[in-house]
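For A:GLY155, A:VAL156, A:SER157, A:ARG158, A:SER159, A:GLY160, A:LYS161, A:THR162, the entry in TrEMBL reads ADP binding site.
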2 protein chains.
Amino acid sequence: MAKDKRTAFFISDGTGLTVEAIGHSLLAQFQDQHVEQVTLPYIDSTEKVQQALQRIEKAARESGLQPIIITSIVSDKIRDQLHQSPALMLDIFENYLTPLANLFGRDPAQTVNVSHGIADNRRYSERIDAVHFAIDNDDGRRISEFEQADVILLGVSRSGKTPTCLYLALQFGLRAANYPITEEDMDSTTLPKILRPYRQKLFGLTIKPERLMQIRQERRANSRYASKEQCEFEVRQVEQMLRRAQVPFLNATQLSVEELATRLMSQAGIERRID
Amino acid sequence: MAKDKRTAFFISDGTGLTVEAIGHSLLAQFQDQHVEQVTLPYIDSTEKVQQALQRIEKAARESGLQPIIITSIVSDKIRDQLHQSPALMLDIFENYLTPLANLFGRDPAQTVNVSHGIADNRRYSERIDAVHFAIDNDDGRRISEFEQADVILLGVSRSGKTPTCLYLALQFGLRAANYPITEEDMDSTTLPKILRPYRQKLFGLTIKPERLMQIRQERRANSRYASKEQCEFEVRQVEQMLRRAQVPFLNATQLSVEELATRLMSQAGIERRID
């Protein structure tokens, strides 16, 4: 741990993904603070908590700054151990299970990882099938399956279609295909013929030409593909095409994959297939 | 909203993914309670909060049960509006920004979505490249790139390799390839030749034959591929192969994709490439 650098520990008895997400969104409100972030997943035994505590005390000692702990641990026993640390403790379960228990008139189950939907076969299959669908239907590879798609993303090459489709599949179990608008398609600003039957499923991604150029330069520096003129031309043509065909679209320039996926769903009114 | 069914609203000015994750893990501790779960993302204006409030009051009225709100809204103004609702309010930012502000001696930025790493080009590229890598190297498609892989997953068909690779790419920016152990490979229990140069990067996924059979039956009912004998044979051979070659492995039978990815990383000591 660096000296004079505070550490935030995200500690969970499961994957740690949730406390990590909470930590990121909270710390993002204090971006001038340089906080080292450490995720400690699967802290589900007395031994592991002891090791974690040693790491936390070390961080406190070496930095001279009070560490932060953001945690969601189900077991009271393990949680109590963790509370012996010198850190500022933000304990999700401690803060929120009690009000919920009062509301429901029940004690929490105190079973770890039930939240991960273990052996939830339907959810598993939906997810896996959606992922394979996204791969098979990436980059216009298999138009024959567009019939079964929940959504078909359109856009120029490198506008973020592929990661968005895969995120939609993994997170929401949606069957998302994507189709790259090629240069032939751009000769006109009418929708490519093969897409017309699926107009209701189409959703466009566009992007600022400067950003597109930047992304493409990283891949093929100084190519025509990555040139200012080409990027400007493609974006202009595709945006006209989307407007003419009245296909809804988002500008991906400043959005993360998570934002693209969730904004797309609310804008197009697409419901998730898995929780 | 169903009568006598309580509703939990996950309300955010961003994607809602974090409060949703918190909600799921909290409510999973009360599984006998049938709670309808509704995510309301991008609640970032007075108008949208008003609409949300109406929905919440409607749920309360129709069910006769107090709703639950789990929320992370940055703006004090919008958050205060939301607090007018009759729901049980679990407000992440309200509870945790104040202690952090005190610790840092700063007020929170109150800027929405900073947490999404907008225009974080490095992170964006790492992620996108990792996703394309996973697709190009799915199912042993392009062994030539194994050299660049952070990890290469091995296992029988349908053991969960592909979704795990894509999750590793999207969530952690890792370059994850996967190689299906084919029937020829199973004639012996030694590692396929082409994999031997990459032994240090190999990680196995195995699965209970009964579960594998179930998954395969859903795809090709009554096929040899999905038969009890075949599934048992393949799992036995692959597990022997992994043990002989001392390749670490996980049993995927009861694990979610998130768990497979995070356990694999800690077991193999693989560090994430993006936060």
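In case you wondered, yes, glycine gets a Cβ from its N, Cα and C as well.
TrEMBL: automatically predicted annotations, no manual curation.
Those binding-site residues from the list A:VAL156, A:SER157, A:GLY160, A:LYS161, A:THR162 that have a Cβ under 8 Å from chain B Cβ atoms: A:GLY160, A:THR162. Least packed by the Cβ count within 10 Å, out of the binding-site residues A:ARG158, A:LYS161, is A:ARG158.
A:LYS161 (ADP binding site) carries a helical DSSP state (H, G or I). Note: A:SER157 (ADP binding site) has non-local neighbours A:PRO180, A:ARG216, A:TYR225, A:GLU234, i.e. same-chain residues 6+ apart with C-beta under 8 A of its own C-beta. Long-range Cβ neighbours of A:SER159 (ADP binding site) (same chain, at least 6 residues apart, Cβ-Cβ under 8 Å): A:LEU205, A:THR206, A:ILE207, A:LEU212, A:ALA252. In sequence order, A:LEU153, A:ASN178, A:PRO180, A:LEU205, A:ILE207, A:ALA252 are the same-chain residues whose CB sits within 8 A of the CB centroid of A:GLY155, A:VAL156, A:SER157, A:ARG158, A:SER159, A:GLY160, A:LYS161, A:THR162, the residues recorded for ADP being left out.
For A:GLY155 (ADP binding site), the same-chain residues 6+ apart in sequence whose C-beta sits under 8 angstroms from its C-beta are A:LYS161, A:ASN178, A:PRO180, A:ILE181, A:GLY204, A:LEU205, A:THR206, A:ILE207, A:VAL238, A:PHE249, A:ALA252. In sequence order, A:LEU205, A:ILE207, A:ALA252, A:VAL257, A:LEU260 are the residues of the chain that are 6 or more apart from A:GLY160 (ADP binding site) and have a CB within less than 8 Å of its CB.
Counting other CB atoms no more than 10 Å from each candidate's CB, the binding-site residues A:VAL156, A:THR162 peak at A:VAL156.
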